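Noted in TrEMBL for the protein shown:
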type	residues	note
COMPBIAS	47-56	compositional bias 'Basic and acidic residues'
COMPBIAS	826-841	compositional bias 'Basic and acidic residues'
DOMAIN	89-145	domain 'P-type ATPase N-terminal'
DOMAIN	918-1172	domain 'P-type ATPase C-terminal'
TRANSMEM	339-362	transmembrane segment
TRANSMEM	389-408	transmembrane segment
TRANSMEM	949-970	transmembrane segment
TRANSMEM	982-1002	transmembrane segment
TRANSMEM	1032-1051	transmembrane segment
TRANSMEM	1071-1089	transmembrane segment
TRANSMEM	1096-1123	transmembrane segment
TRANSMEM	1143-1165	transmembrane segment
Amino acid sequence: MTSERDSETTFDEDSQPNDEVMPYSDDETEDELDSRQPAVGPGQNQIHRDAEESQEPLKKDCSWQVKANDECFYQQPQFKRTVFLCFKKSKYAGNAIKTYKYNPITFLPLNLFEQFKRAANFYFLVLLILQSIPQITTLSWYTTLVPLLLVLGITAVKDLVDDIARHRMDNEVNNRTCEVIRDGRFKNTKWKDIKVGDIIRLKKNTFVPADILLLSSSEPNSLCYVETAELDGETNLKFKMALEVTHRYLQEESAMADFNGLIECEEPNNRLDKFAGTLFWRNMSYSLDADKILLRGCKIRNTDFCHGVVIFAGADTKIMKNSGKTRFKRTKIDSLMNYMVYTIFVVLILLSAGLAIGHTYWEQQIGNLSWYLYDAEDFSPPYRGFLNFWGYIIVLNTMVPISLYVSVEVIRLGQSYFINWDLQMYYPEKDTAAKARTTTLNEQLGQIHYIFSDKTGTLTQNIMTFKKCCINGQRYGECRDGAGQLQSHPEQVDFSWNVYADGKFSFYDHYLIEQIKSGKEPEIQKFFFLLAICHTVMVDTSDGQLNYQAASPDEGALVTAARNFGYVFLSRTQNTITISEMGIERTYNVLAILDFNSDRKRMSVIVKESGGNIRLYCKGADTVIYERLHPRNLKREATEEALDIFANETLRTLCLCYRDISHDEFEAWNKKFAEASVATTNRDEALDKVYEEIEKNLILLGATAIEDKLQDGVPETISRLSKADIKIWVLTGDKKETAENIGFSCELLTEETTICYGEDTSALLQTRLENQKNRAGSSTHSSLRMNEPFFQGSRDRALIITGSWLNEILLEKKKKKKKLKLKFPRTAEEKKKQSEKRRRAEAYKEQQQKNFVDLACECRAVICCRVTPKQKAMVVDLVKKYKKAITLAIGDGANDVNMIKTAHIGVGISGQEGMQAVMSSDYSFGQFRYLQRLLLVHGRWSYIRMCKFLRYFFYKNFAFTLVHIWYSFFNGFSAQTAYEDWFITLYNVLYSSLPVLLVGLLDQDVSDKLSLRFPRLYVLGQKDLLFNYEKFFLSLLHGAITSLIIFFIPYGAYLKTMGQDGEAPSDYQSFAVTAASSLIFVVNFQIGLDTSYWTFVNAFSVFGSIALYFGITFDFHSAGIHVLFPSGFQFTGTAPNALRQPYLWLTMILSIAICLLPVVAWHFLSMTIWPSESDRIQKNRKKYTAEEHQWRRRPSAFRRGVSGRRSAYAFSHQRGYADLIASGRSIRKKRAPLDAVLGHSGSHGGGHGGGARETS
């Protein structure tokens, strides 16, 4: 059975990809798969030859060895690997997980190393060293040291806080406890102390701490039920089963302590659904597969306790192998900012070089000839020029503002808190608030082009509910009263008459209940009887309540619906099933269960009723059922019409039918069935063929309609995000039909959408590649025309592609390995040919991948189904690589972690599933609908604020620094500063930082409600319109013009002046104070003009900064401080003296007016003549606020009989529990002796006919 199923996941070159399988072949070759098949018969626990013989063929693949209860075994030299030089370490990982970056010893050196990797920080360190050299220093060293320490300190504290949170999370996981055998007894041990080879005991509702081989459990036949929500987001239970031999002998504590089996298996890998290995014990060998392995992250359910031996621990576990690399994420603006800082470096060096040359020339012409300028140093003019070059590097350093980085960090931290505090993103049901888990990516939320979403648990609630049905051509499920009349106000049906009703089921059609109670309609009775009997659900009773465990949520929903309508599945044995029909208990003999698989798309049971007649009940997808109906089915058209209506309401449909079978026909068929059940080769195909023979001439009973409940607000969110020009791709491990149906439910697909599938895509790409090859051969210019679209016309298109097709199209299939031949390229020519061939293959693959991305991006929506975690990440990576677009991935299970880490921004949904996705994400919240607020409100605001902040920051620093350059023309290019040293030190830290910080934190162009109402506003960020090189150079130009005005107007005013008291105020120090005061007024008023959203805090910061400047200046210019620190404070009395001259105040007013009036005029003109979208909305905001606009969901455009789409019922992805039920392995009974079990293990092939052989 294994070999056939495995072979589906890898393809030959010419085979068609299989839509139903998960192509885990992205990680393995066919050769590996072939060699792995153990030569076993059909029995569940086939014993091989002696250990010595059977060990050989597995050696090739199974190099991982685990010895139970033997610590010394792992100390052998062959299990060590060299870590560094001669230091060796065990290849077996410990079970502690580590997501933190620092520990107390490494924090300081590592953090400083990381910070100095930033170009600006390193630059300031170099600057500090230069400033400590007396020959070249023009500014005191503290002007750089104070801001540098501030920046390093704040960043280090932020990193420390982040890392402490990671430490806490790791400790919480690592310090969980479970029972482990130590010194022959089970003792409570922390997860981090568990090692490979340990025997552990797990209790009900606990998580599995490592990947373990199940040895025994409290259930019959050592079954163990697990919930894999943490791994794949699916909440339905899966079952695992131990080997018969370990189940038989390893129940007692002492037996566990003495167990010394050796397990040989595959190396740690990321394939969640595969495992191959062998257990050697007591000179016997036993084959192991994935059904005997419990993976880390699963939860034990409905099993009181179980025992297992640890095979993979910590970083080697499959869940950790699937989590992908942790990438360092940076925003687009960060990268742009770095390039701009490099640009400023270049400008700075060129300016300094120019000014140094100027100084050299000045020294030769004037300096050397002026005796009064002699400074007792006999340096040559070129050497003085060289020293001045470094002097200017120091003076002009404020062009690269060190406080830029610390301000950016503060703004991002503030934005993160706003996200955390947003009550509109709080999910009360799970008490989950939104959380920004990283503080460095906020503005990137305003630039998203593509969203990649998981389906199960992210778009859907993963809860199935029975909504409607069609029985005998009559539709039920509308809001009707007992007489069948439609009701305007829905009134819930009261199920209190049914003692077995579960209390959670909501139904509004009273007419159906009346029909059931009256018992007049035999079809209705058969319909619900079929739902209660035709399934593979398991049942257990706790506290008098029935609990159903289904292989898929749909199946559970149907059995639960039948239970509420009075047809209650109570219990089952190997070959009987007990049902309560409207209060009367009856037991039926089950002669055979014909299980579901993904090709059959249906399942049947054959039941012997109390009267002795035999009947087959069948349920399945309408496509397969309609092919097998009896020609004279009267209600066929009416049911088909109902199916169309259900499909248009995006419900998942399923047809129910039955047929009576004569005893002779059954006897003949049962012989064939028994033969197929024990076939040693191609058993699945043989069984399917036998099933076909009996499932024919069926009589249609009706159809069910199940709703796969979407989370609240999903269609509205998707609609809004689409209007913001964000494309949404759904990447899911689910089946194609299910994924397509959810696409319609959440309005990603509509009736007007043209859908392309894998085969269409493959053909289109093949044609394009041929054309590209031909054109490349014919002309070099033709490649310019190769960007024409794949689809003509502007129709609404969507792409639905499966994992197998994805591997086929993207050439990710692994080729079959050739048998190793010792043939090496001998000549240089052969080597060249080989490398050329490899290069061509790479280029071909790259071109094909680029074409695929181009084609997919032309579609409005893309749905990838049956994809592995690795493929999810690959799709995200391709879009990042070829579209250079900003991507966001959102998911909720461990299978989404790789994709979340790969995307620029990862969002985890904390809720139904475990915390694996949340722990790896950058942002997390409780429901998908909060994504619209995260992007359209917080993301957009963060982007606008950051852009405004950066534009202004560069402007104010150019306006401040370039004054030194204009001053140079009047001081012999001597690198003398135009301002006082303390003003230079405090300008960016105190005098101009607060207003711009508040704009970066609080500014908003339109309110949050209007941001959501007009999603088109979001497009600004996608197109990088608010901050780019053009805006940067405009800021530079604006700053340069401001600096010219700030310098030359006071210069002109001072040229020939006389003060009131007859003194000339035109000394250097008074000039410095005048220029500095003008600058402070201009830059603070400029940010006032740029502020869109005024609050008291903004106004206070602008006027407060100006007041602070004057307060500090008067203090620093006082005689008292000069007496205390004569060398540090040299502008004694300057400010009080200069600022009492009205002439200087008039000069300052003139400077400020000339700087700001053109800006005011420009603002007015642009808002009047060329208003932006946000300007228009702002203008009319009162009108919009007055209209209380309600968003309404778009009504479905249903056209009767037109829809060709049907959503298939989603059975489980694997086979159901039929094998388990029919073999009797899940039923509690006395244990058979081991030899009896082993004796007939070959005869119960597949377990499908257990019941059939024992009952007539």
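Cβ coordinates come from backbone N, Cα and C, glycine included.
Listed by sequence, the residues of this chain that lie at least six past the ends of the transmembrane segment (982-1002) yet keep a Cβ under 8 A from its Cβ atoms are 139-140, 142-143, 146-147, 150, 398, 401-403, 407, 410-411, 414-415, 945-946, 948-949, 952-953, 956-957, 960, 1072, 1076, 1080, 1083-1084, 1087-1088, 1090-1091, 1093, 1095, 1097-1098, 1101-1102, 1104-1105, 1108-1109, 1112-1113, 1116, 1129.
In the predicted model, the domain 'P-type ATPase N-terminal' (89-145) shows an average pLDDT of 83. Across the compositional bias 'Basic and acidic residues' (826-841), DSSP helix (H, G, I), strand (E, B) and coil residues number 14 helix, 0 strand, 2 coil. Long-range contacts of the transmembrane segment (1143-1165) within the same chain, counting only residues at least 6 positions beyond its ends with a Cβ under 8 Å from a Cβ of the stretch, are 1042, 1045-1046, 1049-1050, 1053-1054, 1057, 1059-1060, 1065, 1070, 1074, 1077-1078, 1081-1082, 1085-1086, 1089. Listed by sequence, the residues of this chain that lie at least six past the ends of the transmembrane segment (949-970) yet keep a Cβ under 8 A from its Cβ atoms are 333, 337, 340, 351, 355, 358, 395-396, 398-399, 401, 404, 407-408, 411, 976-979, 987-988, 992, 996-997, 999-1000, 1026-1027, 1031-1032, 1034-1036, 1038-1040, 1042-1044, 1046-1048, 1051, 1075, 1079, 1082-1083, 1086-1087, 1090.
Each of 339-362, 1032-1051, 1096-1123 was scored by its Cβ pairs under 8 Å to the transmembrane segment (1071-1089), and the highest score goes to 1096-1123.
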